[in-house]
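Inspection log for the structure reproduced underneath, given as C-alpha cells.
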Amino acid sequence: MAKASLLILAAIFLGVITPSCLSDNILYSGETLSTGEFLNYGSFVFIMQEDCNLVLYDVDKPIWATNTGGLSRSCFLSMQTDGNLVVYNPSNKPIWASNTGGQNGNYVCILQKDRNVVIYGTDRWATGTHTGLVGIPASPPSEKYPTAGKIKLVTAK
C-alpha cells in the first residue's frame, strides 16, 4: 500500500515538473511559438520568423509559408484550444489562420516525419507537403478485414 502511494505521489510530482512539450515537433493546445522558435523533425523546420512569416523548411529550402512576411515584426504562432492555428501580430491581431477553429478541446500541431504539418484532435488542417504514402496500407487488405474503415487501397503504377 505504501509503495503504491509512493508511486502515485512520484507520478504526480513528475507530472508537475515535467515540461509540457516533451517533443521538438509538437505544439500543444494553448502553446505558442514566438519569433525565432520552431518545431523540428530531422532536416525539417517549421519556424516563426522575425518578419512574421511562418515557414516550413526542408534543410534550407522553403517548402510552405503563410506569406505573411513583412506584415509586421515579432509575431507569434498560437495553437488555440479550439483547434485553430493562428499567427498573431504583437497587438494580438490575427494575420493568418488555418481556419480550423471549432469545439474547444485538446489539439496538437505536429511536424511529422513525412514533412507534413498536421493539426490533430480530428484531422483539421495540413500543409499538404508530405513526401510519402502515409496512412495507406502497405499490402492489400486481408479477407478477414476486407476494408480498412475509410482507407482506400491505392497501388503505385
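Cβ atoms here come from the backbone N, Cα and C positions, even for glycine.
Candidates considered were Cys21, Cys75; Swiss-Prot assigns the disulfide partner of Cys52 as Cys75. Remark: of the binding-site residues Gln80, Asn99, the most isolated position is Asn99 (fewest other Cβ atoms within 10 Å of its Cβ). Contacts of Tyr88 (alpha-D-mannopyranose binding site) defined by a Cβ separation under 8 A and a same-chain sequence distance of 6+ are given as Cys75, Phe76, Leu77, Ser78, Pro94, Ile95, in order along the sequence.
Averaged over the domain 'Bulb-type lectin' (24-132), the predicted model has a pLDDT of 94. Each residue in the domain 'Bulb-type lectin' (24-132) gets a DSSP state, and the totals come to 0 helix, 46 strand, 63 coil.
Across the structure, Trp125 (alpha-D-mannopyranose binding site) and Cys52 (disulfide bond) are spaced 20 Å apart at their Cα atoms. Note on Gln49 (alpha-D-mannopyranose binding site): other Cβ atoms within 10 Å of its Cβ, all shown chains, come to 17.
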